[in-house]
Amino acid sequence: MRLLYFSMVLLWVLGASECQVIPSSRRTLRVGIAAAQDTQSGSIGWASCGGTLPIAVQYLKSKGFLTDFDVEYYMEYTECDRASVAKAGMKFMKEMNVDVVVGPSCGDALAIMGTLSAIYKKLVLGWGFVSDTQLADTNRFPYVASVQPTAQTLGLATSRILEMFQFDRVALLYYKDDQDYCKSVMDDVEATLSDPDLYPVRIVWKGELQSDNEALTRSTLQAVKSRARIVLLCAISGPEKRNYLISIAQQNMTTNEYVHILLTMRSIGYGVQTSLGKKTFANGLTPLWESFTVAPDGNETNARRAAEKMLVIDVNSDVQDAEFLQYLTKNIADAVRNPPMKCNTSECINASSTSMGSYARHLFDVFYLYGMAVSKLNSTDPTVYGNLNLLMPQMVTSFDGMTGRVQIGQNLYRVPTYQLYGLDEKYEQVALVNMTFYNSSSQLSRGYSDEGRSVWHFWDGTRPLDTPICGFSGRYCPVQFWDQYGVLIFVASIVLIFLICIMLMCFGFMIRGRRAEQERLNSEWQIPSIQLIMPQKEKRKPNSRRSLQSGPSTITGESKMTIDGGFHENYTVQMFEKDLVLTTKHHSMQMNKEEKEKFVKLRKLEHDNLNKFIGLSIDGPQFVAVWKMCSRGSLQDIIARGNFSMDGFFMFCIITDIAEGMNFLHKSFLHLHGNLRSATCLVNDSWQVKLTDFGLGALLEEHTPSKKRLLWAAPEVLRGSLTIHQMDPSADVYSFAIIASEILTKREAWDISNRKEGADEILYMVKKGGNRTIRPELILDAEVSPRLTTLVKDCWSEQPEDRPKAEQICKLLSEMTPRGNTNLMDHVFNMLEEYTSTLEVDIEERTKELTLEKKKADILLSRMLPKQVAERLKAGQTVEPEGFDTVTVLFSDVVKFTQLAAKCSPFQVVNLLNDLYSNFDTIIEEHGVYKVESIGDGYLCVSGLPTKNGYAHIKQIVDMSLKFMDYCKSFKVPHLPREKVELRIGINSGPCVAGVVGLSMPRYCLFGDTVNTASRMESNGKPSMIHMSEAAHSLLTDHYPHQYETSSRGEVIIKGKGVMETFWVLGKTDSDTKSLSTRTTPPITDENWPPQMKEDLKKRAVTPYPERQRSGKSKMDTLKVV
């Protein structure tokens, strides 16, 4: 909308001269213009700048200025020629009597026009190259006004910047132009920098550059490289600045050693007035590294990287109306060609619509300044708007123009606000320093806090030096230190090493001492987790012969309560340094130095009513706090059991103990307990209450407390969810009152088991508070003092400030002490005399009986089932069948047992088998084999289940079989000493399934063809021989080669299997002598078998066992065969 408005205004301007009828009451401003057509056309040429005047007039009218004025323009092209300027000045001022003269835009020419203005008392508006300091002299040029600052102020700003960065060695470079503008500026800057009253700066090189002479530029830059690292540059046009960036990039002058400072007074900073660039700054200008042609030249990257090493000192360029500046740039060419300018020269006709002259914005601002002053004076008195004595004070003002913030001083020249510009990471120009100069005084303010990150971030954060460390030629590097002082260093090094060794030794001893002291302090409270062990019960291994017997078991340590129970669930009884201790587990956390120092103090905390903190174990998955054992358990447990009678004095002493412990904690470095409950009040052998779980701080905060634990929490803690570090000691007083109510009523907290409200409802009502607060009901005995109950009620007051202090509680309790009863132990002993001989004895005896019976039951169960299976059954879990890839099964049978049994009585048979199998059971335990069952004279064992052992099962079975054979050789039947007991053993290896069968009298049974084949190996074996299948033989020889001697039996017809090759186990090979450590009778092979034996074998393969074998093995076959 704003651009549309200005477009409509411009169209109105272009047609105003032909269509508008001027009323007689309007006044006309006659403006004489001394313009340049060919001189510096890109900067002050009328074709690129003149269009700003009609646009400025309409902009003034849009702001409410010059509304009663028409403007007439009278043009003279003086080209900055002195004679032409003098002629035009005489014409404008003497003949035409204009109101104001605009221009000329060159310094020398403006001096002539200013001289004429002093004679004819006409106002002259200076713009362009008019920064000479002499033009601001009001004595010589009283009627010259300009929005340009003087070059002297630029020199002062440069001096302050060099002083701020401590740069005292610089080079000055400037581009040559037709009017020698940059040379004049650099002369003023050089003169200012040479002022002895200012910061001393040495100018080591001053050179001229030419935009069309690259050779001169290269040679000049090479000369600068050998003399300076801080370069001050003056350039007029954008192409000159860009060419300089490309040149220093080519000469490798864009390293971190160089700082290039562009000096300008055109309020453009890093910008250029063109609309061809791809990027624009916030003020509407195009960055100077962008290409100024329609087709980019490919040097944008190099130019931009060179711009990183450039700073800019310029007049404040913060244009407030960037949108209008873009509008001015695009429409200035049309405005100069159309009425009222009507410039019809070839330059005007061919003027570019994409850019404007460098000083066009200054022409706009200086005429805007004049228009405002005329309007203000006209508003007061329309007849005196041309009176310079009245007009000039109106021009001493400030406004936001197209060149930034403009402030005009008493000399009608601009009071400059210079800024040091730099580039940020996004290549946006930022103001780093603001400098204001007026009447030789200056004010400087930094716009950054970190110089390295703000000013020198393209220099890796380090301010460059104006002189390299090694000089400009690199010949002045310091002499190598070793070359100069080598011998001295060698001698000094020996002495120094010797001294260092002594110092290191001393330092080492000191460090060692400190470390030892630190380790000693840590060892006081840090307990290795390996030193905390659970109290073990001594057990005897059960055997087959005495499967129902159990030896006595003892529990280490002495306690009034059992180790497995009797304490609150948060406590665990463990052994530490042969003493029973109480432990609590906590989440692990990272402890700081303060926490560790607190635990050192905590361990040293001693009081009769505080439980001793022994230490903390921090090397396990959880932290474990270790406390001294209090054998009678917690106060909560004692109250819950309800088997101890407490009279009034006893309850009073318990409450007093708690109060004394709490008071001591409140006066200590801990200041409070923070977790006070009846569960944290332990009772020792002497019936003395000791507070525990204090001082753990952050460890307790890691836990999420249960609802029941919060029953002791104060209302303010519940409402604010306060941590221990945020709690007040009054919260402990509230918890003390709840514990006291438990003691006085002899019931658990809040009598929760008998209340209709649950824990959640009670906590909600406590947290809610109000006039009718909920508290535990005190149903008391007659012997309880009313003063004590009153104290308890005061302690659980709703407001923390209404609760008494712990010290006051102790004082009040001491005043309530009953006379004549001062020793709790005497009182307790008297009270417990009647229970000592009965109650505890009965409890201990029943406990022992229960433990003994449980042990017997466990032993009996372990005899029937594997330990793992028994544990799962005791836990009520279902035992699923489990498959095993490879196991070894053994069947054994007593040869001619029927005949042997016929010679014995039934009791003798039982004793015979018991003696035989008891020793077999011992052999089984030695080899880690599991005995499945024994039925009659049959024996079934397996290895590899229920615990898998790789391939060791074949070795264990074979070794056990050889032991069986050895034992049978020496076994004697007591009542038949001449009879010899022989075994027939069969072995097979393979997969198997095992599981528990039945609910009543459950048995651990084996299923699978592996079991059946092992049975066939036994039934087809020979007396005193170990018969194994080919699968078992392969497993034995593959995994234990050369350890056992075996022999092939050859192919044998096996019932249900057909022809199988089987093997005999002869014995175990001694690896040193290659002899047999155990050897059975040499086998009979198919080659040396008698014909009668072969026939017998065939009959046995197809004929069932005798009746004794079938009847004796019927139950076992049920378990073996699937």
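Note that Cβ sites are derived from N, Cα and C of the backbone, with glycine treated the same way.
Here Swiss-Prot flags 545-559, 1074-1083 as compositional bias 'Polar residues'. Feature annotation from Swiss-Prot assigns domain 'Protein kinase' to 542-830. The feature domain 'Guanylate cyclase' is assigned by Swiss-Prot to 888-1018, with sequence analysis given as support. What Swiss-Prot lists as N-linked glycosylation site is ASN252, ASN299, ASN344, ASN350, ASN378, ASN434, ASN439. The region 'Disordered' feature in Swiss-Prot is assigned to 536-562, 1071-1122. Residues annotated as topological domain 'Extracellular' in Swiss-Prot: 20-486. Taken from Swiss-Prot, the feature topological domain 'Cytoplasmic' covers 508-1122. Per Swiss-Prot, the feature transmembrane segment maps to 487-507.
Overlay of Swiss-Prot feature records on the structure.
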{"residue": "ASN252", "record": "N-linked glycosylation site", "DSSP (3 states)": "coil"}
{"residue": "ASN299", "record": "N-linked glycosylation site", "DSSP (3 states)": "coil"}
{"residue": "ASN344", "record": "N-linked glycosylation site", "DSSP (3 states)": "coil"}
{"residue": "ASN350", "record": "N-linked glycosylation site", "DSSP (3 states)": "coil"}
{"residue": "ASN378", "record": "N-linked glycosylation site", "DSSP (3 states)": "helix"}
{"residue": "ASN434", "record": "N-linked glycosylation site", "DSSP (3 states)": "strand"}
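Considering only the glycosylation sites ASN252, ASN344, ASN434, ASN299 (N-linked glycosylation site) has ASN252 as its nearest partner by CA-CA distance.
The least crowded of the glycosylation sites ASN299, ASN378, judged by other CB atoms within 10 A of its own CB, is ASN299. Here the glycosylation sites are ASN252, ASN344, ASN434, and the one with the most other Cβ atoms within 10 Å of its Cβ is ASN434. Around the Cβ of ASN350 (N-linked glycosylation site), 10 further Cβ atoms fall within 10 Å across all displayed protein chains.
A separation of roughly 36 Å, to the nearest angstrom, links the Cα atoms of ASN434 (N-linked glycosylation site) and ASN378 (N-linked glycosylation site). The helix, strand and coil residue counts that DSSP assigns across the domain 'Guanylate cyclase' (888-1018) are 57 helix, 41 strand, 33 coil.
For the pair formed by ASN252 (N-linked glycosylation site) and ASN350 (N-linked glycosylation site), distance between Cα atoms is given as 39 Å, rounded to the nearest Å. Averaged over the topological domain 'Cytoplasmic' (508-1122), the predicted model has a pLDDT of 77. Between the CA atoms of ASN350 (N-linked glycosylation site) and ASN344 (N-linked glycosylation site) there is a gap of 10 Å, rounded to the nearest whole number.
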